[in-house]
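Engineer: What Swiss-Prot lists as GTP binding site is 17-24, 81-85, 135-138, and the listing cites sequence analysis. Residues or ranges marked as domain 'tr-type G' in Swiss-Prot: 8-283.
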Amino acid sequence: MARKTPLNRIRNIGIAAHIDAGKTTTSERILFYTGVSHKIGEVHDGAATMDWMEQEKERGITITSAATTCFWKDHQINLIDTPGHVDFTIEVERSMRVLDGAVSVFCSVGGVQPQSETVWRQANKYGVPRIVFVNKMDRIGANFYNVENQIKQRLKANPVPINIPIGAEDTFIGVIDLVQMKAIVWNNETMGAKYDVEEIPSDLLERAKEYREKLVEAIAEQDEALMEKYLGGEELSVEEIKKGIKIGCLNMSLVPMLCGSSFKNKGVQTLLDAVIDYLPAPTEVVDIKGIDPKTEEEVFVKSSDDGEFAGLAFKIMTDPFVGQLTFVRVYRGKLESGSYVYNSTKDKKERVGRLLKMHSNKREDIKEVYAGEICAFVGLKDTLTGDTLCDEKNAVVLERMEFPEPVIHIAVEPKTKADQEKMGVALGKLAEEDPSFRVMTQEETGQTLIGGMGELHLEIIVDRLKREFKVEAEIGQPQVAFRETIRSSVSKEHKYAKQSGGRGQYGHVFIKLEPKEPGSGYEFVNEISGGVIPKEYIPAVDKGIQEAMQNGVLAGYPVVDFKVTLYDGSYHDVDSSEMAFKIAGSMAFKEASRAANPVLLEPMMKVEVEVPEEYMGDVIGDLNRRRGQINSMDDRLGLKIVNAFVPLVEMFGYSTDLRSATQGRGTYSMEFDHYGEVPSNIAKEIVEKRKG
């Protein structure tokens, strides 16, 4: 089966935006006008084709990047829907990785919002060229020019309008195309499928000329030939203007900007035209970097049909009918269904059972997949997100994706014994799908802990356990692993002697207990001389202490960072045994601990908060209230960075509090750093609570 669409007519694009900018509606309209959907799904009634997971239908927010294929004017557009909520930025990063271009959707009223800043930074990080679509022009308070200024100021970008609105709010009827210098007015009767091209209304002619001049000036800078023509006062042709916009868009020195109202079916066709005119084909983006696994040298993979197959797995989903789907972006060569691929990241071969082209939630079996395509592979067992699939003889490992450490953990308990096993399997599957979600067992409590990127992230995981895997689980309060240690040195003796007819028990030890440096652990030193305790009983003393230290004297938490020296003792020829010395060691340690000024330790997290300057005071005040120690403050990309150590126990609910304190514009990350001493008043509360 030969390739249907040449590589230069393929566009892999993502639609990225802040929650509520109208991103899903825009994707829907694209599918509608390109002839995929017949009835438009609305997010408001939960029928959008892109939003195909059940919870998305309820929450009205898009969670997973469904990859959908559609066609427009002889071009194939592979549309990757990205989530717009801060807890799902990992999904956005993951899709940015495989996009060639993006459409950034902004609300004409809300403008540049917090998540849009995060998503914009991610697109910069991966070098993704983009066009801006200012949506919801029909809403009260719509202001296209306001959004233009915010993009300049907040995102430090160079937006260049290529169309401007005719009217706003309920008088918004169409746009002025600044390239053709014509008015485009949509026809309400045909649900926006038809539009008329007219002369520019006289009251908007001045503004249109002013913005056309700005556009021509911006693109003349992109190319010497255009600059000469412009400076010579010659008129640039439509083709030359388009060429200039494309050069600037691809080198990211300018961002073409359009407007419309997806909900009212206006402006979607002009957006699709801009996607194929200005966003890059796979052949127009920088070659992707990789490593040759044999030589460890850097290699570059060019997007082309020639050469051996190479692709990147960027998303794993469990489909109730087909099983596991692995979404792959193909960078080079082609692959037939039923053939074998080599996973160079894992050094394993796997067979691809079927190849599926996804149309939001419908699927089409295809025989082979070519460079530049995005396709779901069925039948891969060992491949995870971020793995490279390629030809074994021409192996390459494409750039790995980086996944952040979870910032929140909660305990999950299955409601019934029957759920226990199902829960383990289900959590394993969810962790395969989502690399930012982790599962572990807490040694001290034996509970299963799940960790993720935020409270909403974990809520959705628990929700999916119930819906997709039919596992009922209770979630606990977030738990903190405290520790105990000692602050002073003490010597103690303990004699364990039991004589009550028959063979007795006898063990007698003298130990010295001393504090050690934080993080240095446990040390046992044997200073017995002259055989006062026989050699074979020494390990039993050590073992007794190690068992006792799992249960500290303050509140039953493990004791850390101390040294025990066994320096004297005595034994009985008949009654001494390993058991007796183990008990003697354990009792001596407990008595010594009580006298050695025991203290409680808690995990201290290294926290980095990134906020706009106006919220800095509030954020620092809040960290101080949480017993944080501020270490440093820096500037980065017009934002303030606060670095601090904060006790983990004080960080629960922080993402929600930070979001409301900074109107969602603050972001933070945290990781475990060290154990620190709990202040005595707080330690007292913890001990009393623990002893109940």
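Even glycines carry a Cβ here, placed using N, Cα and C.
Remember, it's a predicted structure, so these values are computed and weren't measured experimentally.
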Engineer: If you draw a 10 Å sphere around the Cβ of Ala17 (GTP binding site), how many other Cβ atoms fall inside it, taking every protein chain shown into account?
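Structural biologist: Taking every protein chain into account, the count is 28.
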Engineer: When a 10 Å sphere is centred on the Cβ of Met137 (GTP binding site), how many other Cβ atoms does it contain?
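Structural biologist: Excluding its own Cβ, Met137 (GTP binding site) sees 29 Cβ atoms within 10 Å.
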Engineer: So what pLDDT does the domain 'tr-type G' (8-283) average out to?
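Structural biologist: Averaging the confidence scores along the domain 'tr-type G' (8-283) gives 82.
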Engineer: DSSP on Ala17 (GTP binding site), three-state: which is it?
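Structural biologist: DSSP call for Ala17 (GTP binding site): strand.
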